[in-house]
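Written below as structure tokens is the structure these notes are about.
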Amino acid sequence: MTLRLSRRAYAEMFGPTTGDRVRLADTELLIEIERDYTIYGEEVKFGGGKVIRDGMGQSQRVAADVPDTIITNAVILDHWGIVKADIAIKHGRIAAIGKAGNPDIQPGVTIAIGAATEVIAGEGLIVTAGGIDTHIHFISPQQIDEALASGVTTMLGGGTGPATGTNATTCTPGPWHMERMLQAADGWPINLGFLGKGNVSVPQPLVEQIAAGAIGLKLHEDWGTTPAAIDNCLSVADDTDTQVAIHTDTLNEGGFVESTVAAFKGRTIHTYHTEGAGGGHAPDILKVCGESNVLPSSTNPTRPYTINTLDEHLDMLMVCHHLDPSIAEDLAFAESRIRRETIAAEDILHDLGALSMLSSDSQAMGRVGEVIIRTWQTAHKMKVQRGALPEDNARNDNFRAKRYVAKYTINPAITHGIAHEVGSIEPGKWADLVLWEPAFFGIKPSMILKGGMIAMAQMGDPNASIPTPQPVHYREMFATRGGALARTSLTFVSQMAADAGIAERYGLAKWIVPVRNCRNVTKADMIHNAWRPSISVDPETYDVIADGQLLTCEPATVLPMAQRYFLF
């Protein structure tokens, strides 16, 4: 016996299917399901009178033959597609994406459910890969709580706490600090990796930081990003297969942007603040977006350009870079970095895929819990101001959604040599997954999984008779407790450090994972974000021209994903 359901009734029961569209939060962005891996009439769902019961949707197979957890009927939004599927998790990793059920009685089953299988209901939810923030100033450990609650599951950067150096630069300097920070990483339910200080003109001080566990090196103008330091740092990175991140010379003291590009010598580098106000060669750091060896990112304070952006930045910059507003030279330095024209161009360069990544710059001119929000606010603003992308159509914004989700998931992972473990929803990868109700997409996740275990979720009063009574807020779950913490999160280190046995020497509890393939990455590897325009910036008007076109847009006066979500 069959029963024909309306699309609405089907979506309410099993979630949207092929051809259905979903609005992302209160934005103008619509995604459309491209494929449904489930089979109509054979869907699995847990609950009283539902399918996943013994002899029905649940098989008799033993634990070795079934996943530890399945997420049923979820909409997956990732760089590779927008699909409806069941997701299987086994031993902390994504085991399969397909059709779950009982293969003994159901057709087309690719994921067998057994008595050893836990179920997370994904009906009506969107699942994304955990976010990766590659621009972290480790100023306070409480940032990790904020980041995790926002959907970020990997944090890369540097620092030692609220030291003056860390307040301004993302460096964990020297072997002693590196060891202490790696030991501290054991206490937090998030994947972590640390950058050493790259500003020195001879190799050994850099090599010893890589050997101590750094995943890469950070060049920052506040430590002196000279051509000699750049050249030396990249040479060490080439020898150790680690990445270099750079914040270039705002004052153009050691040379102009052309001097910095020349010092790269065609070698791969992640350019932080390839943007309109974050820092770097004034006013034309945006030029580096056209270089094949440059992997460009920007940070979230200027995302997107609004009527309040300029006013906010001056005081923020004075504090972060230890400047004195009573000193004329310090004030001039700050004002040189805040340019409405280049901030506006940054919006468009993100939309066209010239800027490949987006990160926070946490507590140092950036908000650690707003990477995902501001990414999608930028996408919305560009949809409203510029219309559909050529790759999209009147029905959906699928390509734009894939482009923007890649900016904080797969592209940072590729850049820093961790894409073999995290950054996308693909079999074999660590099960760092974020579940969203569509109305709250990008703003407030329903649940965050780390290594296949629930790490944080919206949870009601623990003394209530059911999980939902107020006050409902984010609470840490069992993946953050006891020995489970060290088995559901990763610490990234260099291959040199892993080979040297730092895990045993430092007494680390978390699994350590070496970064790899950092030096052969090019802009062409930045998924959906590989455009290399020829850019010029007028030194007087700051107008930005890319491939002959003036890049300009109006500041937003109102944004989605904002106050209506934060009334309480």
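Backbone N, Cα and C define each Cβ position, glycine as well.
Annotated domain 'Urease' per Swiss-Prot: 130-568, in sequence order. Taking the domain 'Urease' (130-568) as a whole, pLDDT averages 95 in the prediction.
Cβ-based neighbour count (10 Å, all protein chains) for His135 (Ni(2+) 1 binding site) stands at 33. According to DSSP, His135 (Ni(2+) 1 binding site) is assigned to a strand segment. The Ni(2+) 1 binding site feature in Swiss-Prot is assigned to His135, His137, Lys218, Asp361; the stated evidence is sequence analysis.
Annotation comment: Swiss-Prot describes Lys218 as N6-carboxylysine, evidence class sequence analysis. Around Lys218 (Ni(2+) 1 binding site), the same-chain residues six or more apart in sequence whose CB sits under 8 Å from its CB are Gly157, Gly158, Thr169, Thr170, Cys171, Leu195, Gly196, Lys197, Gly198, Val244, Ala245, Ile246, His247, listed in sequence order.
If you look up Swiss-Prot, you'll see Lys218, His247, His273 marked as Ni(2+) 2 binding site, on the strength of sequence analysis. In this view, His247 (Ni(2+) 2 binding site) is surrounded by 24 other Cβ atoms within 10 Å of its Cβ, with every protein chain counted.
Same-chain residues at least 6 positions away in sequence with a Cβ under 8 Å from that of His220 (substrate binding site) are, in sequence order, Ala168, Thr169, Thr170, Cys171, Lys197, Gly198, Asn199, Ile246, His247. Under the three-state DSSP scheme, His220 (substrate binding site) falls in the strand class. According to Swiss-Prot, the substrate binding site annotation covers His220, on the basis of sequence analysis.
Feature annotation from Swiss-Prot assigns active site, proton donor to His321; the stated evidence is sequence analysis.
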DSSP three-state assignment for His247 (Ni(2+) 2 binding site): strand
Residue pair His137 (Ni(2+) 1 binding site), His273 (Ni(2+) 2 binding site) - Cα distance, angstrom, rounded: 14
Cα distance (Å, whole number) from His273 (Ni(2+) 2 binding site) to His135 (Ni(2+) 1 binding site): 10
Cα-Cα distance linking Asp361 (Ni(2+) 1 binding site) and His273 (Ni(2+) 2 binding site), given in Å to the nearest integer: 9
Output field, Ni(2+) 2 shell: CB within 8 Å of site CB centroid, site Lys218, His247, His273 dropped: His135, Thr169, Thr170, Leu219, His220, Glu221, Ala245, Ile246, Thr248, Thr271, Tyr272, Gly279, Gly280
